[in-house]
Every structure is written in C-alpha cells, then in structure tokens.
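S.K.: I have a structure here, written as structure tokens, and I will follow up with some questions on it.
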Amino acid sequence: MTQSPRRDTIAAIATAPGRGGVGVVRISGTGLAELGLTLAGKPLKPRHAHYADFRSSDGELIDQGLALFFPGPHSFTGEDVLELQGHGGPVVMQMLLRRCLELGARLAEPGEFTRRAFLNDKLDLAQAESVADLIDAGSEAAARSALRSLAGAFSGEIHTLVEQLINLRMLVEATLDFPEEDIDFLEAADARGKLASLHGQLQKVFGTARQGSLLREGMHVVLIGQPNVGKSSLMNALAGEDVAIVTDIAGTTRDTVRELIQLDGVPMHIIDTAGLRQTDDTVEQIGIARTWAAVEKADLALLLIDSREGITEHDRDILGRLPERLPRVHVFNKVDLTGEAVGHAEEDGHAVLRLSAKAGLGLDELKRTLLDMVGWGGTDAGVFLARERHLDAIRRAASHLETAALVWQQVELFAEELRLAQNALASITGEFSADDLLGEIFSRFCIGK
Ligand code: GDP
Ligand code: ZN
C-alpha cells in the first residue's frame, strides 16, 4: 500500500457515553507533541503516563488526569496519538473534547481511527473488522474468535493461500510464452495437483470461517405450527424465562416474539410466531403474515406438532409452503400426555424430536440437534470470527478455482480464473479494496474507534 498523505488531526471520546470512573479522549494526527504540551502544561515523554492538569484556553481547570503520548509510527493509527484520561462524566468529557477541537483537531468520524490504522498498514481489513467485532461480541466464544482474527490468524491463512495462488499463476503465465509445450509443461509441473490442493485448503478455511460467522451473526430459528401446539411454551423453555405469553386460548401469540439465547456460546435468535391457521381476525392475519416473513429469513424451522394428533392435513399445508432451502425439524410436543419416549430420530430425511416443552423433557436433545444442524463444531478453539463478506469472498475464490480446473487446457482461461480467485481472496484483507467498501465497513464502527 502506498504511504498515505498527511492527514488532519482527529479527536473523539473513546469511552462509552454516560458516566464512568474514567473517560478517554483520543486524538490522532501530526504534531501532537505540541498539542500535548499546551493541553497538559508540560512536555509529554513518549509512552509515559503523565499526571496533568487539563486547562481551558483561559487557564481554567477542566479536569485532572493522565496524558499519554504515542509518537507515530509506533501507535495504533500509525500517526501521533494522544490519549487523555479524565473523569468519566459526560460534561467533563465534552469539555475536554471541545478543548481539543479548539486546539485544531476536528471531530473523528465513526471508525476513523481504525481506518487510519488500516491505511497506514497497521492492520489489514479483516483485522480492522475484528476490532469492531471484538467490541460487539455477544459471547465469550465470539470475543475469543474476534481476538484471534485481530491477532492475524484469519489473515495469515488467507495470505498463505494467496501466496500459493501466486506461485501457481507464475507457473501458468510462464507457459503462455511457449504455446507449443504449455500443456505438457503444466502436467509435468503438476499444476492440476496444486490446484486441487489449493481448493482443498480453501474449503477448510471456509469451514472455520463459517463457524466464526455463526458466532458473529447467530442463527435464526423460527417456531411454527398450528395454534396451541406449544410454540410459546417451547420458546420459554429454551429461553429459561417467560418471554412469550402462554395460554390455552388458540391465537394468543399474535405477533412474532424474538429471544436471543446462547447455546454452547452460539447465539440463536429464537422466533415465536403466530399459530398458522385460517382466521377472519385481522390482527391475527397480520401476525400470520409476519410469521411467513420470519420464515423467509430463518436458517432453520422447527415445526411443532401436538403428539396426540400427529401430523395433520394442516401441518402438511404448512410444510408445503416452507421454502425448499430451509432445513426443518419435526418436533412432536406434549409427550408427557402420550407417554411416548423422548428422543431424536431421522425420518424421511429430516430430524424428528419428541419432547415436552411444559414438562421440560427432551430439551437437551433439542439443543444438541440445533447445534448439529447449524454445523457447529462443538468448540470455538481455532475459530476466527468471520463475516458474511469473507464467506462470500471465499466462495467466489473457490468457484474460480473450480472453473480453472475445467478449463486448464486453455491456458489463457486458466490464468484468468486464477487471477480472479486471487482478487477474491485479497479482498478479504483489503489489498484491492474500493473506497466505497471501506466507507461501508468503517462507517459501522462507533465514534472513537
Ligand atoms: P402455542 O399457541 O403453540 O404458542 O401454544 P402454547 O405454548 O401457548 O401452549 C398451548 C397450551 O398447551 C398451554 O396450555 C400449554 O400449557 C400447553 N402445553 C404446551 N406444551 C405442553 C407440553 O409439553 N405438555 C402439556 N401437557 N401441555 C403443554
Ligand atoms: Zn404462542
């Protein structure tokens, strides 16, 4: 990446809004030694904590706290960075920030510190994204995985693949100069074997990244079925508290209710829906329309069935309307009333569970089935937090490699597919990223990051 031009000085409150023991104002730019001297009233030794009085332009005391100076390029952003730690009240922080603006800084945009770190080659794009993911992590497993990405585990895997891809490209492009012998040459160099090995490694990285993406995005599990089969009861049993209203009056859940739970550290959005039945009640009809909307976005559907009734004509209607791509589990509820054994089975190519939401029977089986069905490997060890953008890039790279394997005898096409595969992979670490992609990624950060 080319060295970036000198940038203006930016400042923001880096700590969360509200009251806290300590609050931090962060400043990044050039010539911050002087700004530090003015603000703290004394020269700041690099990477030392100085206890200082922060004063306004007319010498009035704003706060007393610590000032830290990190001269570029050995700082988070690669520029001069100044951190002012004061008392974490919103008014004090605002006054301190305003003072920095008076001294020539401007207010930072969301994610601008991290963006500068990226532009100054302190982090690649996947690492920069993991900064935001670490802050947003919804579980310990997600936090550990984000940290792994931040430390470069994911980028490292991608770099290894890109390097091998470059070697293969050099091989293929070298033969373009000798059209008579190209195919023999490629065979002798085992170009196809190398291609297959790359594809295999890519699949492995995809698997790990997909686990990471599960930790980040969570799964959307929708509960559907006729009124009164026990959807809300199951939702409550999974969530461990009464989040949905349970009654024996059919049609009680008229809207979709969502609950975020953690299974094994994997976030699951459980969506309880209105019972699906023919109705003239307008409110209930709206609830039913929302149910279908939730189904459209779900990753997994649990169709609840009353064990005493078995699958009815009506259930078959519902099943027929589910999108083909949507994995589903048939859950026979209320086995406490029929005396059937709880458990898990495979019938006609889909999972079948027997349980009782009300009596709390068979819930562990259900949880295990959910985790299996979303492809959770059972542990976050070695998993790095990935985003849908990364998965998409890996998928594109894999599909170019697959095409490459088909056209390898047409060396020019072969070379072109390899080039496209490399571009797709490189977009993960941001080597060839368009400005609008960067804008989109960094604008989702919080201010001060
Ligand atoms: P929904 O309309 O599908 O959401 O069903 P609810 O969860 O509101 O439950 C309807 C009725 O069935 C309530 O009276 C529940 O207490 C009852 N129920 C739900 N699950 C079970 C179960 O496993 N066993 C028994 N005996 N009753 C259940
Ligand atoms: Zn309900």
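Quick reminder: no glycine exception, Cβ is built from N, Cα and C everywhere.
Quantities reported herein were computed from a predicted structural model and do not represent experimental measurements.
From TrEMBL, for reference:
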BINDING   ARG26, GLU83, LYS122, LYS449  (6S)-5-formyl-5,6,7,8-tetrahydrofolate binding site
BINDING   ASN228, THR247, ILE249, THR252  K(+) binding site
BINDING   228-233, 247-253, 272-275  GTP binding site
BINDING   SER232, THR253  Mg(2+) binding site
DOMAIN    218-375  domain 'TrmE-type G'
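Any idea what these are sitting next to in the structure?
M.R.: Of all Cβ atoms in the protein chains displayed, 24 besides its own lie within 10 Å of the Cβ of ARG26 ((6S)-5-formyl-5,6,7,8-tetrahydrofolate binding site).
Within 10 Å of the C-beta of ASN228 (K(+) binding site) we count 20 further C-beta atoms, all protein chains included. Reduced to three states, the DSSP call for ASN228 (K(+) binding site) is coil.
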S.K.: Using DSSP reduced to three states, classify LYS449 ((6S)-5-formyl-5,6,7,8-tetrahydrofolate binding site) as helix, strand or coil.
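M.R.: The three-state answer is coil.
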S.K.: Three states by DSSP: which one describes ARG26 ((6S)-5-formyl-5,6,7,8-tetrahydrofolate binding site)?
M.R.: strand
S.K.: Pick from LYS122, LYS231, LYS449: which of these binding-site residues has the biggest number of other Cβ atoms within 10 Å of its Cβ?
M.R.: LYS231
S.K.: Rounded to a whole number, what is the top Cα to Cα distance in Å among the residues the record ties to (6S)-5-formyl-5,6,7,8-tetrahydrofolate, namely ARG26, GLU83, LYS122, LYS449?
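M.R.: Greatest Cα separation within the listed binding residues comes to 18 Å.
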S.K.: In whole Å, how far is ASN228 (K(+) binding site) from GLU83 ((6S)-5-formyl-5,6,7,8-tetrahydrofolate binding site) when you measure between their Cα atoms?
M.R.: 58
